[in-house]
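Listed in TrEMBL:
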- 12-38: transmembrane segment (TRANSMEM)
- 44-65: transmembrane segment (TRANSMEM)
- 86-105: transmembrane segment (TRANSMEM)
- 111-133: transmembrane segment (TRANSMEM)
- 153-174: transmembrane segment (TRANSMEM)
- 180-202: transmembrane segment (TRANSMEM)
- 244-266: transmembrane segment (TRANSMEM)
- 278-298: transmembrane segment (TRANSMEM)
- 305-324: transmembrane segment (TRANSMEM)
- 391-409: transmembrane segment (TRANSMEM)
- 421-442: transmembrane segment (TRANSMEM)
Amino acid sequence: MEARKVTWWNVLGYACLNFLGGGTQALSSAFLMLFYTMYCDIPAVQAGLIFTIARCIDAVGNPVMGYISDNFGRTRLGKRFGRRKFFILTGIPLVLITYPILWTPGHSFEFYVVANIIYEVVFTSVMVPGPTLPAEMTQVAAEKTKLVSAKQYCGTFASTIALLFPAFFFQRFGEGNLDAFFYTGLTYAVVVSLSLAVMYFLTYERAPEDIHYTEEMGSVSHVLRKLVNDVFASMRIRAFRLHAGMMLFIGIYKNLAAGVFTYYVIYALSLSVSATSIITSFATLVSFIALAIFITICYRRGGPFAFKVVGVIVTASLVGYYVLFQNQSSMGEEAVIVWLTVLAIINNVGKAGADYIPVFQLPFMADIDEAVTMERREGIFTGVNGLLSKLASAAEGFLLGVGLALFGFEKGAGQQTAMAIDGVLVMTIVVPIVLCAIVYLISRNLTLTKENHKLLVDEVHRIRSGGSMADVTPETRKAVESLTGWKYEQCFGHNDLMRVHDEPKSAHSY
């Protein structure tokens, strides 16, 4: 059967996912904690705890949701609506109900915790199955790149749109008006629901007859053991193991860079909060151009090479931050702002690349895994990827808080000691360089290129069609082994990686 070709309508439909993934995250990060602390009488520590609890629940739920999605095609609902698209469909009304509730005033701390947990469950139920669709829709590298690139562009666009709603409603109802917050949440929830409807109708999944299950679901205890086995088994795929390391440390870097920049501007350069906002907003506009550049680099040379470019750009901007700090006393404030804007733009180019690389690599992981297991487990890989993203976010908060505290940083103080400012510089410049260096060392071992990927996919198709493993070419053998981390003879189901027991004995990864 001839493979279905991905059209631009399909690309548009898939891109709409990031109205949820990008837009709601941007809106909540910018205003929701402010809403709780300033207008809902929730102490700052408790307000932060609301998000921490919800984030931890979400982190655990990611691989669970991945397993459910991978196996949902066995059910009547999965066969009728799709094992992935069923959850897109249920997300349409659920987002419309749960997201505005987060923005209602006058409730207790416990209410907001429960409301955020429920919303995070809804968010995860869509954002784990949703990103698996590129791997479901195509195995052609160019088409995967189109899909994930469009999603990234849509994320930037959605974030920009989402952040316009508060300004509009504040202008209409008055600055700080509680109705403005509620209508912001409600209006954007409508936008997200409409975007999910578009996604549902414009995307498609792998044909049910092309989905291969190696065993029946079994009892509840068997399912739970299978889930744990799947999560750990994903880490025995060499390419995903390396991708996971890159994803984790890139995630920590991105979150840290965003979180510490305000401290650098206000305390190290003595500029205003409004200056921070303007500079950040202006620098973000570069993401559209930078993303186009890194899409091309990733497709032509692969994610590992692209990160080398990211490392050079980020390091150059961070060195520039230090030089600017050292010379600010001899410059006027306007000159400092101009140079800071230039450096922030350069840094944002690197961050745009760092943000795109894991997104680009993820859809290829299920193809590589299939060469070992002969199963399609997109959901598990997306779920583990989401888990790593949440862990990175949690690690960044811990790292920034502890790092600043070690240097004597006093929260809420208008002026900081010289040692505290040194701490800000270390967290702004030194730690990100170390994180980027770690990612670079990991990426050197990842051989994921479009050429190697094609060799692997073609070999899977050949074996599925009845081809003999004895007829493999040396070039294909090398590509399969370098990506999977398994000897060629142990691939294509000739292992017990997916068997539910403590430790496989008949095959070993390397």
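Glycine is treated like the rest: Cβ placed from N, Cα and C.
What you are looking at is a predicted structure, and each value in this text was computed from that prediction instead of being measured.
Between the transmembrane segment (44-65) and the transmembrane segment (111-133) there are at least 3 Cβ pairs closer than 8 Å, counting only pairs 6 or more residues apart in sequence, which means the two stretches are in contact. Tertiary neighbourhood of the transmembrane segment (111-133): same-chain residues 14, 17, 20-21, 24, 36, 40, 42, 49-51, 53-55, 57-58, 61-62, 65-66, 69, 83-88, 90-91, 94-95, 98-99, 101-102, 147, 151, 196, 199, 203, 205, 362-363, 366, 378-379, 381-383, 385-386, selected by CB-CB distance under 8 Å and a gap of 6+ residues from either end. The listed stretches are 153-174, 180-202, 244-266, 421-442; of these, 421-442 has the most Cβ pairs under 8 Å to the transmembrane segment (305-324).
For the transmembrane segment (153-174), the partner stretch with the highest count of Cβ pairs under 8 angstroms, out of 180-202, 244-266, 421-442, is 180-202. Long-range Cβ contacts of the transmembrane segment (244-266) within its own chain (Cβ-Cβ under 8 Å, at least 6 residues beyond either end) map to 235, 272-273, 275-276, 279-280, 303, 307, 314, 321, 340, 344, 347, 351, 354-355, 357-358, 361, 384-385, 388-389, 391-393, 395-397, 399-400, 404, 424-425, 427-428, 431-432, 435-436, 438-439, 442-443, 446.
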